[in-house]
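Step one of this worksheet: look at the structure below.
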Amino acid sequence: MGCFGYLLLIIGLHQVLATYPIWWSLAVGQQYSSLGTQPIPCGTIPGLVAKQMRFCRNYMEIMPSVAEGVKIGIQECQHQFRGRRWNCTTVNDNLAIFGPVLDKATRESAFVHAIASAGVAFAVTRSCAEGSATICGCDTHHKGPPGEGWKWGGCSEDMDFGSMVSREFADARENRPDARSAMNRHNNEAGRTSILDHRHLKCKCHGLSGSCEVKTCWWSQPDFRVIGDYLKDKYDSASEMVVEKHRESRGWVETLRPKYTFFKPPIERDLIYYESSPNFCEPNPETGSFGTRDRECNVTSHGIDGCDLLCCGRGQNTRTEKRKEKCHCIFHWCCYVSCQECMRVYDVHTCK
C-alpha cells in the first residue's frame, strides 16, 4: 500500500477506532502468525473490551482459532470481491485493517462483519472437531433420530459451540444503544446463521467387500466457499434501513427499520445497511477508497469485472504477457501423465 495506505489510516482515525473491531488485526498481525496453535496472550490483542478480555482469559486455547477465523473470513472476502471496484483490500500492520472504509454503515461493512463472524464460528468448530482444544469436541446432541438405513457415528461438528464463541466474542463490543451496533449485531448473526443453514450429513459405509451393510453419518460444516457465495448473494440483495431515535429509561436509543415498506422486511439471514457506498472509482483517503487504477479487468465481460465498469469509464491499457504453461500432455500406461512446457502470450488489460 505504501504511503497511501498509511494516509488512509490517519484520516479520520479517531472516528474509525471508536466503532472498529480492532481485534480483527489478529488476522494480519505478524506477532500472531508464528504462534500456530499456541495460546495468544490476551494482553497483546489490541482493542479488546472488558468482556472480550474475560472471554479470552477463560478460553485462551481457542484464541488461535478465533484469529484463524478472521483470517479465512478476510481471504474469502477478497475472493468474492476480486473483480469489483472495492476488492476487500486490507492495510497491513495497522489496527484498522480496512482503513476508514468500514467506518460507514454500508453494504461492504455489512458483508465484512458477516463473513468475519462466520469465519470465527467456522474455525472454532473445525478446531474442536479436530481435537485441537480440550474445552470442546464433537457434538453429542444429534438433533433427531437416525434415518432409515443409517445410524449416528463419527464426529458431528459442534457448530453451536462455534457460533457461541463467535457471538460472545465478536458481539461483546456491540452493546451500545445506537444504530451501528444494532446493524453489526444483526449482520454478525446472519454470518453465523449461514453456517447452521448449510450444514449437511456426511456418511460412511461399512461392510464386507465394499458393501454398505451399515452406514454411519455425522453433521458437517459446509465448505467455507459455500458460505462466501451465500453471503455474497445476501450482499447483493441487502436491505436498506433507516435510523429511528426514541427515548427509553436509559436514555436515547437508536433502532433500525426498513426504508422501503413495499419490500419484504429483512429476516435474521439477510444483511442490512443504512448508508450508501462510495463508488470506489478514485482514491479517497476519507472514504478508504484505493480507486481502480492499474487494476486488471476483463475486456470481454459486461459485468462489474469488465473494463467498462471496473475502470469507471476511463478506459484501459493493454500489454502482452508471456506465461509458461503445461501442454501436449500424454497419459502413459500405467499410470502417469507427462507434459511439455509451452510459452503462451496473453493480452492483459488494466484500468487507466
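Placed from the backbone N, Cα and C atoms, the Cβ positions cover glycine too.
Predicted, not measured: the structure shown is a model, and the values here were computed from it.
For CYS217, the partner cysteine in a disulfide bond according to Swiss-Prot, taken from CYS155, CYS203, CYS205, is CYS203. Which of CYS77, CYS88, CYS155 pairs with CYS138 is settled by Swiss-Prot: its disulfide partner is CYS155. Look at the disulfide-bonded residues CYS77, CYS205 and count other Cβ atoms within 10 Å of each Cβ; CYS205 has the fewest.
Here the candidates are the recorded positions CYS136, CYS138, SER209, CYS217. The one whose C-alpha lies nearest to that of CYS335 (disulfide bond) is SER209. Neighbour counts of Cβ atoms within 10 Å were compared for the recorded positions SER209, ASN298, and the top value is held by ASN298. The secondary structure of SER209 (O-palmitoleoyl serine), as reduced to three states from DSSP, is helical.
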